[in-house]
């Protein structure tokens, strides 16, 4: 039971990161690798700030802003430098590795005994992990509300149109470069913020904590889509969070059946590969375990 | 240039892959004026420069030489999105003009704000939705009932009709139609064409329409341009058009592409 609560609470935190991945991969339709660098960047910035006595809330907020800067660099490379999307993200990510090391000053920075974002709940004397669960839930709820409101504005709609049909967006007078920048900054802000929160939850920030960020984020996005299907915008965001929780539960399950934590990246990759290939597999092997609904309708 | 001129093209030239073996000049010192309210049909073979001309006007490619004045303003080097407030455009590919994952209403709301600065205001208001309903109802295709459907669920013809509406709902100085019925079946193509002509009349628009259909080129519009190798080789007025049949136009077309002199 404890393990399930821990996995679910981590699901919320990773879900915030997955929301960031959703912004680029799904809304902007742009494969952004910056996230792999923005995630440890957020962790490093928050850890160093907290160690210097900054409150965890402020430290997490600053991580968001710093993450946006990372996104802005990638956006600048893509729109002004005409660097291909994928390469632009890889360049920023690679550069960030050195910057992250500079911020951390060493490969691993411990936060043991330091204040954490979840401390404001400590007065309630909740069972362990429940504080993270509540904090994660609240932050996800607020974020989804803010994101849904943002994407209903003219700018939000212009970002969606840019990702959906760039040529049409331009012919309608939308500055697609600017909208890509908005999307990339928002995405990496969220990813860095998740990095900050996960570093606090783990009790350390680590230079290698970003490896696999995109695979995990995309896995959450795609698990959400495969399990819950094609939905409205608000529901799609909620499903990203649910996808992240399901992902953490799957990870918990494979650890329980005896695989080692060292195998986690491999497992993540296999889960994502499986989910991505599922539509084609279903067709070629005539599997029907996920489209029961369609059969009923027939 | 008379007061009536809305679009003035002066000596437009464009060469692709300059200074290489593959160098080809798609526009050669091309000049012409468009009067307010003109509906001009443009014909010409593949590679004659029709699409390059439209791309230069719309801003998706910048010419090497020459000038484009729209409503008296030099737009030659403006970015596509910077001149979008003046230009409505319908593409050949019916999927090109609309965003598939957005609803019909959301697409129309994007078009309703064509050329305006986007702010943190509501992307679509309740009043707007009523306006869209009315506009869609006027198309007579029953699309007013699909206001909240995702665009991707509609057929090519339905999407092209909406693209046409999107290009014209905020009155453009010029409407560019780039073979916009070529990818549709004949019946749908006719529907879209008559809707086009209806919108142009209703809104008193100025339009340039590229077509490969000689009959359409004669039936619609009040002026006809024939392009060949990046130049205008024929400029027919309303009266001259009326005296032609599709067959005689094809004949003229063939003579030109073979390089005959037509003055005789």
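Cβ coordinates come from backbone N, Cα and C, glycine included.
Taken from TrEMBL, the feature transmembrane segment covers A:12-28 (among others). Listed by sequence, the residues of this chain that lie at least six past the ends of the transmembrane segment (A:12-28) yet keep a Cβ under 8 A from its Cβ atoms are 35, 38-39, 132-133, 136-137, 139-140, 143-144, 147, 151, 159-160, 162-163, 180, 183-184, 186-191, 193-195, 197-198, 201, 213-214, 216-218, 220-221, 236-237, 240-245, 247-248.
As annotated by TrEMBL, transmembrane segment applies to A:57-79 (among others).
Taken from TrEMBL, the feature transmembrane segment applies to A:86-104 (among others).
Below 8 angstroms of C-beta separation, residues 2, 5-6, 8-13, 15-16, 19, 117-118, 190, 197, 201, 233-234, 237-238, 241 of the same chain, each at least six residues beyond the ends of the transmembrane segment (A:124-148), sit close to that stretch. If you look up TrEMBL, you'll see A:124-148 (among others) marked as transmembrane segment.
Annotation comment: TrEMBL describes A:181-199 (among others) as transmembrane segment.
Through the fold, the transmembrane segment (A:211-231) approaches residues 14-15, 17-18, 20-22, 25-26, 33, 35-36, 39, 191, 239-244, 246-247, 265, 268-269, 271-272, 275-276, 278, 290, 293 of its own chain, all at least 6 residues removed from its boundaries and within a Cβ separation under 8 Å. For A:211-231 (among others), the entry in TrEMBL reads transmembrane segment.
Among residues of the same chain six or more beyond the transmembrane segment (A:238-258), those with a C-beta under 8 A of the stretch's C-beta atoms are 3-4, 6-8, 10-12, 14-15, 17-19, 22, 140, 144, 216, 219-225, 227-228, 231, 264, 267-268, 271. Annotation source TrEMBL lists transmembrane segment at A:238-258 (among others).
As annotated by TrEMBL, transmembrane segment applies to A:264-281 (among others).
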Subject >> Chain residues outside the transmembrane segment (A:57-79) and at least six past its termini with a C-beta under 8 angstroms from it >> reply: 30, 32, 34, 37-38, 41-43, 45-46, 49-50, 85, 88-89, 91-92, 95-96, 117, 177, 180-181, 184-193, 195-197, 200
Subject >> Close approaches to the transmembrane segment (A:86-104) from elsewhere in its chain (Cβ under 8 angstroms; 6 or more beyond its ends) >> reply: 31-38, 40-41, 44-45, 47-48, 70, 73-74, 77-78, 205, 207, 210
